[in-house]
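A.B. asks: Okay, here's the structure, questions in a sec.
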Amino acid sequence: MRVSIVGSGYVGLVTGMGFIKLGNDVVFIDIDDEKIKMINQATPPIYEEGLEELMKEFKGKYYATKDYHEAILNSDITFICVGTPSGEDGSIDLTYVKKAAEEIGKALREKEGYHVVVVKSTVLPGTTEEVVKPIIEEHSGKKAFEDFGLAMNPEFLREGVALRDFLNPDRIVIGVKDEKTRQILEKLYEPINAPKLIVDIKTAEMIKYASNAFLATKISFANEIGNICKRLGIDSWKVFEGVGLDHRISPNFFKSGLGFGGSCFPKDVKALIRKAEETGEEPLILKAVIEVNEKQPLKLIGLLKKHVPELKGKTVGILGLAFKPNTDDIREARSIIIVEKLLEEGAKVIAYDPKAMKNFKRLFSQIEYANSAQEVLEKTDVILIVTEWPEFEELDYSGKIVIDGRRIRSAEKTAKIYEGVCW
Ligand code: UDX
């Protein structure tokens, strides 16, 4: 099939390259000239494992353009993969989704045949039918589910393993209303061997939120139990090993520590809270999930002060800035809260991250950045571990005070003083 993808950010690029790997042709639509240029030179504008290799391998099977008309006339199905950032109050900002719908609508005016539009961006229940549909209809002069198809197909990609997740998902959720669209999407996903759940559009939208909210809840729950365990002198990781053996619970995604960051969990849980409140519900669990998560990095600072009561003028080393390993992404990273707090206390910070320092420098130009983790160890005796990059396992922490938010076993073994956040 010929697929067009609106928005060549993280989700768009990975989805597009995934469809290419499945044998389709893809055209990326973006407003950013620099991104278009990079994609057309087979250079990924973001870092994601395996993406560059795939872009080089399949050069010629895809291109990027600014021109919606050309892209839509030359494709059978269009995925909206633009960002849905969080507004100040936690509500989601639909500016990019609306703009995409408008441009798609205008282009569809001239298109013959049954074109299918699929919303992949994370949008709250009701958005596809109440916001996207009327905009496309207005600008195309056509009717959804009769003249063109409309569907919602959430993504469940984890950064760092996104291509693998795309090609080997736990499930594919397809939210549709009309039979024709259903058949087209089923055909597109046919090569992927995974359960395919066909639901209505609103349900698909909700599955994405409920999944992310559940995973975020699991982490905040692990942290709450972890905090209690810490007080009682119990290793919470051992506890979750035991708990996770219950097949109804599963041991995955059960690591207590500093809490969750990233572009999805905090944003999606907050948006769901707001939506719930709009409907008159009070989402008690979801609010607690956010509250626990916001307090968790401060636990690390609390433990640090137990061993180094006066932080003013003290140099504190930070290992890891990215919100998780194998990414350069620092959105909602725990490191941000931790560095802010350290600076507030008058500490000097020296940080190292294998991939995320460039992004972090844009937020914090006033701290020192080391060229290696070893350099951090050479320059200070007080180390905070914030992201569990594998290379931090290789270090010898002898003579150091280590406060660990992610459980690096070599630090646990070799440090002079070692404290884990939840163990
Ligand atoms: C997440 C979802 O997993 C994915 O399905 C969705 O599409 C987007 O959001 P991602 O943000 O890439 O993906 O990261 P993920 O690997 O899920 O980790 C999120 C955060 O939770 C990280 O900060 C990580 O450190 C933290 N985490 C994860 C824990 O603290 N404990 C765990 O057990 C697992």
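Positions of Cβ are set from backbone N, Cα and C atoms, glycine also.
Any TrEMBL annotation is an automated prediction that lacks curation.
For reference, TrEMBL lists these features for the protein:
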| type | residues | note |
| --- | --- | --- |
| BINDING | ASP30, LYS35, THR84, THR122, GLU159, LYS267, ARG331 | NAD(+) binding site |
| BINDING | PHE156, LEU157, ARG158, GLU159, LYS208, PHE253, PHE254, LYS255, SER256, GLY257, GLY261, LYS324 | substrate binding site |
| ACT_SITE | CYS264 | active site, nucleophile |
| DOMAIN | 317-411 | domain 'UDP-glucose/GDP-mannose dehydrogenase C-terminal' |
A.B. asks: Using a Cβ cut-off of under 6 Å to any atom of ligand 1, determine which of the recorded positions PHE156, ARG158, GLU159, SER256, CYS264 qualify.
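C.D. replies: So the answer is PHE156, ARG158, GLU159, CYS264.
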A.B. asks: Specify the nearest of the recorded positions PHE156, SER256, CYS264 to THR84 (NAD(+) binding site), where nearness means the distance between Cα atoms.
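C.D. replies: Considering only the listed recorded positions, the nearest one is CYS264.
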A.B. asks: Quick check for the class: what is the C-alpha distance, in angstrom and rounded, between ARG331 (NAD(+) binding site) and the residue listed as 'active site, nucleophile'?
C.D. replies: 9
A.B. asks: What recorded positions among ARG158, LYS208, SER256, GLY261, CYS264 are found with a C-alpha within 10 angstroms of that of THR122 (NAD(+) binding site)?
C.D. replies: LYS208, CYS264
A.B. asks: Go ahead and report the DSSP secondary structure tallies for the domain 'UDP-glucose/GDP-mannose dehydrogenase C-terminal' (317-411): helix first, then strand, then coil.
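C.D. replies: Counting residues per DSSP class in the domain 'UDP-glucose/GDP-mannose dehydrogenase C-terminal' (317-411), I get 33 helix, 18 strand, 44 coil.
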A.B. asks: Write out the long-range same-chain contacts of PHE156 (substrate binding site), meaning residues 6 or more apart in sequence whose Cβ is under 8 Å from its Cβ.
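C.D. replies: Counting only residues 6 or more apart in sequence, the Cβ neighbours of PHE156 (substrate binding site) under 8 Å are ASP165, PRO169, ASP170, ARG171, LYS208, SER211.
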A.B. asks: Below 8 Å Cβ to Cβ and six or more residues apart, same chain only. Which residues does that give for SER256 (substrate binding site)?
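C.D. replies: Long-range Cβ contacts: ILE219, ALA222, ASN223, ILE225, GLY226, CYS229, SER236, TRP237, PHE240, VAL421, CYS422, TRP423.
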A.B. asks: Mind checking which of ARG158, LYS208 has the fewest other CB atoms within 10 A of its CB? They're the binding-site residues.
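C.D. replies: It is ARG158 that, of the binding-site residues ARG158, LYS208, has the fewest other Cβ atoms within 10 Å.
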A.B. asks: Could you tell me the C-alpha distance between LYS35 (NAD(+) binding site) and ARG158 (substrate binding site) in angstrom, no decimals?
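C.D. replies: LYS35 (NAD(+) binding site) to ARG158 (substrate binding site), Cα-Cα distance: 22 Å.
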A.B. asks: Provide the number of Cβ atoms within 10 Å of the Cβ of THR84 (NAD(+) binding site), excluding the reference atom itself.
C.D. replies: 21
A.B. asks: Could you give the maximum C-alpha to C-alpha distance in Å for the residues ASP30, LYS35, THR84, THR122, GLU159, LYS267, ARG331 that bind NAD(+) per the record?
C.D. replies: 25
A.B. asks: Would you report the average pLDDT that the model assigns to the domain 'UDP-glucose/GDP-mannose dehydrogenase C-terminal' (317-411)?
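C.D. replies: Averaged over the domain 'UDP-glucose/GDP-mannose dehydrogenase C-terminal' (317-411), the predicted model reaches a pLDDT of 97.
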A.B. asks: Using only the residues recorded as binding substrate (PHE156, LEU157, ARG158, GLU159, LYS208, PHE253, PHE254, LYS255, SER256, GLY257, GLY261, LYS324), report the maximum Cα-Cα distance in Å, whole number please.
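C.D. replies: Answer in Å: the longest Cα-Cα distance is 25.
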A.B. asks: For GLY261 (substrate binding site), identify the closest of the binding-site residues ASP30, GLU159, LYS267, judging by Cα separation.
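C.D. replies: Comparing Cα positions, the closest of these binding-site residues turns out to be LYS267.
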